[in-house]
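Scroll down for the structure; my scribbles are underneath it.
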Ligand code: UD1
């Protein structure tokens, strides 16, 4: 497994371009299975999760090429709607294929994606949403088979505004007969991006970005070319890294309006932020101020995907901060690792109490999941001395060669890959 070695204590400085959004690209790739023909998607980041998704699409008979940031798909040869269990288990986002494959083939077989490092992550809202559209669902152990000769529009209320369930239901409803309304829908920007993509192919969807989405079913879609939005979580990660290292960075290709809650939090911590169109400038010369309470909640509130990164900043702040996690029950795994670096954080149920220290120290730590890993990288950049972050494959799921991106901002960060067994070392 790869490791990142970081020589900390150097403020980040410079300009970088932000990658396309993983969480927008994944459902858009899945939604491409609704149409027959060639689809081109731009600004698709080179990530492990994207590789897994493209691997599944190829397995189902789709032609898929990822050249730099562009994915070219040809869905003409798509012949199967059975996602092999081994591939399904590699990535939870394979669940996104359920709605599109069901709509296109009238049946789909998937396997429970199972729990993961950050929590239980159920799929009941995905299943009940598809059932409301007329799908019959048979569960046999971890195998789930879904049938529907023709999906029919319905009024669906989500008990919780799940991002994935909202997207899955939208995708299934596009080719359904009649009108579908999703109430208490998730409002994340990636859902708006999916709406724009589907509408460009001829779908009739309105309301994404609000809590009520209406989908008027159409007979057929037409292939298109599309560019995904910039990644707000990668943007936020670099903003926090700049603040934690007391650096000064300029980020190009951002969507500042998608980061209102983070910008508000960082300003409260004393970080200087200037926004100009799609450019964000971040500067921090002083020690951050503590923040009494940050609560993660569905968009537009503070995102769970930035909780661990901001915790690193607060671990260095002057005073005591509190962060409450309300989305995933297992999302404080970075706390023990940060403690190895000298952080003073106590977790009580879903809240973390963070007593800021004046300095973190380099240590060997382990990335337990994607965003926890990103937080440890930030901690390593801000810490005094050398930090080794292990299990980097988690970070590679969401950050396109993180060491290169941060290296462009002057970070001293190097990736080490294990020497393969059959290599003769002279
Ligand atoms: C998406 C994002 C992920 C982000 C999360 C919350 C992608 C690929 N991933 O994940 O990065 O952290 O939104 O912003 O877009 N739930 C149920 N039943 C369901 C579905 C969800 O109980 O059927 C629960 C989950 O267990 C969790 C909460 O709802 O506690 C939020 O999950 P959800 O919004 O569905 O997140 P994802 O779509 O999995």
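Keep in mind that glycine also has a Cβ here, set from the backbone N, Cα and C atoms.
TrEMBL names 92, 327 as UDP-N-acetyl-alpha-D-glucosamine ligands; from the candidate set 68, 305, 348, the record adds 305 to that same site. Residue 23 (phosphoenolpyruvate binding site) is 16 Å away from residue 327 (UDP-N-acetyl-alpha-D-glucosamine binding site) when you measure Cα to Cα. Cβ proximity to the UDP-N-acetyl-alpha-D-glucosamine site centre (mean Cβ of 92, 305, 327, cutoff 8 Å) flags the following additional same-chain residues: 118, 121, 163, 304, 328.
A gap of 12 Å separates the Cα atoms of residue 22 (phosphoenolpyruvate binding site) and residue 305 (UDP-N-acetyl-alpha-D-glucosamine binding site). Counting every protein chain shown, the Cβ of residue 23 (phosphoenolpyruvate binding site) has 25 other Cβ atoms within 10 Å. Of the listed binding-site residues 22, 92, the Cβ environment within 10 Å is emptiest of other Cβ atoms at 92.
Maximum intra-site Cα distance, UDP-N-acetyl-alpha-D-glucosamine binding residues 92, 305, 327: 16 Å. Fewest other C-beta atoms within 10 angstroms, among the binding-site residues 305, 327, are seen around 327.
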